[in-house]
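Presented below is the structure to which this report refers.
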Amino acid sequence: MFGQILVSGITAGAVYALVALGFVVLHRGTRVVHFGLGDQMTMSAYLVVIAQVFLDAPFAVAILFSLVLSAGFGVAIERGVMRPLRRAPLLVMVIATLAIGAALREGLRASMGPLPWPVPFLLTPAPFTLGGLVLVPANLAVVGVALAVMLSLFVALRFTRFGRAIVAVYENPTGAAIVGISVPSVHARLWGLSSVLAAIAGILVAPLITLSPDMGTIGIKGFAAAILGGFNSLPGAIAGGILLGIAETAAGVYVSTAMKDIISYALLIGCVLLLPQGLFGRAEPRKV
Amino acid sequence: MALEVAGLEAGYGGARVVQGISFAVPEGSIVTLLGPNGAGKSTTLRSIAGLLKPNRGIVTLDGDRLDGLTADAVVRRGLALVPERRELFPSLSVAENLALGAYTRRDRAGIAADLEMVFTLFPRLKERRQQHARTLSGGEQQMLAIGRGLMSHPRYLLLDEPSLGLAPLLIAEIFRKLTEIRAGGTAILLVEQNASAALDVADHGYVLETGVIQLEGNAASLAADEAVRETYLR
C-alpha cells in the first residue's frame, strides 16, 4: 500500500515540482511571483490541442509548437509588461501577473469553450503490475520527463554561458552588470524559462486531469510546493513538490479523497507559520 | 589614448551630486580622485561605468563614447569597475567569481593567461580558489573584487575605495599591487579617502569637494600642497 502511495504521489509531485521550479526560477532573479503561471500551464496544453486539431500537426510537432510559443509568450510578458513597469513597486508587477492569468483563462474560455478537450497521453494509460505495484506507463512518462527536464536545468545552470549569467544575477544583480551581463536580457530569459517549465507541466498533467480553462488552478499546488521548499531554492522546489504530492496522495488514501486538497493547504499554512523559510530555504539577510 | 570625462553632471533624483567635472586618465597611468565622504566620487565612477545615467557630460574611452551605454556594454569597451561594496557572488567559489569576471570574453587561452596573472598578483586567491566568496576575509574579498575586474582584461580599471575597512598593512600590500597592474598595461582611476596611500602610487590627482574639482596636479605636488596636507594628510 505504502509503495503504491509513493508511486502515485511522485507522479503528482513531479508535476508540482516543475511548476514550483517555474515560480522559483523567476522569483529568484526578478522578485516577481507570477500568479498567472497556472494559467500558462493551461494555455500551453491548449496550444498542443490547437496544433493537433486545427493545424493537423503530429503530436511531437504540436508539443514543440506549444513549447516555442510558450517561451515566446514569457519573453513577451517581460518585454511588454514587466520592463515598462520596472520602476513600479513590486506589488504592481505581481498584480499585473494576476491580470495576465485572468486574461488567459477567460480568453481561452471565450475561444475554446468551457468544455474539456482531450489531450493525448505520452504513453498508454493501461496499467501493468510489477512486484505487486500497479504501474501506469503514462504516469511513468510524466515522472521520466520531469526528471529529464530538472536534470537538464541543473546542467544548463552549471555549465552553459546562458546558465552562468542566470546564476550571477541570482547571486548579485549589480555584480552581474559590472562583469558584462545584461540583467534585463537575463530577466527575459527567466520569463521564457519559467514559462517553458509551466508549459511542460501543463502538457504532462492535462491528460491525467481534464483540460478546461480552469485547469490552471492546479498551479496553486506548485506555488504551495515552492513555499514548502523555501521559494528561493531550486532543489527545495523539487523536494517540496514531491513531498506535497506524496502527502496529498496519502491523505486521499488514509483520510478521504475529498480531504486531499484541504490537507495540502493545511500543510502550506503550517509551513508558513512554523517554518517561514521553508524546508530548504535559507533566511536571506535583507541588505539595507 | 585616455579615459576622458568632460562636464559630467550626475545624481540621484533631484539631487545633483556631481556638478560638471572634467578630468582624464591617460593610458597606462594611475590617476586618483580624492575627496571627503559625499563629495561625489562614487557617483562619478558609477556614471562612467554605466550603473548610473549621467544627466549631462561626455565620457570617452580612447575616443569611443561611453555615456549612455549600459554597464554590460561599458565592460565590452574595455573598462571594469571594482565597486566600493565589492558586489561579489557570495555563494560562488573564488574560481567561479573569477570565471564570471571573464564573461564577455571567448578567447580561452587569453582567459587562462589572465587567471594565472591574477593568481600571481594575489597568491592568496589561488590558495582559496575553491572557497565561497562569502567566507573570505575583507582583504581577500577586495583582492577577489580586483581580480574579477582584471579578468575582463580591461584597459582601464576603476577602483572605488579599495582601502575601506582594511588594516594598514593590507592597504599597503594592495596599493603595491596597483603599480604592478599599471606595469601590466592597465590604467587605473583610483577613488580614495586615504589620500596619502593613493598619492604614493598615483601619477596624477584630482581633489573633489561637493561635486566640483577643487584642485588638480601631479601626485608629488598634491602631496606637498599645504591645503591637501591640511585637509587629507594631517
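Just so it is clear, glycine is given a Cβ too, placed from its N, Cα and C backbone atoms.
Here TrEMBL flags A:6-26 (among others) as transmembrane segment.
Distant neighbours of the transmembrane segment (A:33-53): 19, 22-23, 26-27, 59, 61-63, 65-67, 69-70, 73-74, 94, 97-102, 104-105, 108, 112, 117-120, 194-195, 198-203, 205-206, 211, 213-220, 222-223; these residues of the same chain sit at least 6 beyond its ends, with a Cβ under 8 Å from one of its Cβ atoms. Residues or ranges marked as transmembrane segment by TrEMBL: A:33-53 (among others).
For A:59-77 (among others), the entry in TrEMBL reads transmembrane segment. Sequence-distant contacts of the transmembrane segment (A:59-77) (same chain, at least 6 residues past either end, Cβ-Cβ under 8 Å): 40, 43-45, 47-49, 51-52, 100, 120, 188-189, 191-196, 198-200, 203.
The transmembrane segment annotation in TrEMBL covers A:89-108 (among others). Tertiary neighbourhood of the transmembrane segment (A:89-108): same-chain residues 31-40, 42-43, 46, 77, 81-82, 213-214, 216, selected by CB-CB distance under 8 Å and a gap of 6+ residues from either end.
Summarising the annotation, TrEMBL assigns transmembrane segment to A:128-153 (among others).
What TrEMBL lists as transmembrane segment is A:165-184 (among others).
Sequence annotations record features per position, and here TrEMBL assigns transmembrane segment to A:190-211 (among others).
Per TrEMBL, transmembrane segment is recorded for A:223-247 (among others).
The transmembrane segment annotation in TrEMBL covers A:262-280 (among others). Residues 221, 224, 227-231, 233, 235-236, 239-240, 243-244, 247-248, 251, 255 of the same chain sit 6 or more residues outside the transmembrane segment (A:262-280) yet have a Cβ under 8 Å from a Cβ within it.
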Spatial neighbours of the transmembrane segment (A:6-26) far in sequence, C-beta under 8 Å, 6+ residues away: 32-34, 37-38, 41, 133-135, 139, 142-143, 146-147, 149-150, 153, 190-191, 193-195, 197-198, 200-201, 204-205, 208, 218-219, 221-226, 229, 231-234, 236-250
Dominant neighbour of the transmembrane segment (A:165-184) in A:128-153, A:190-211, A:223-247, by Cβ pairs under 8 Å: A:190-211
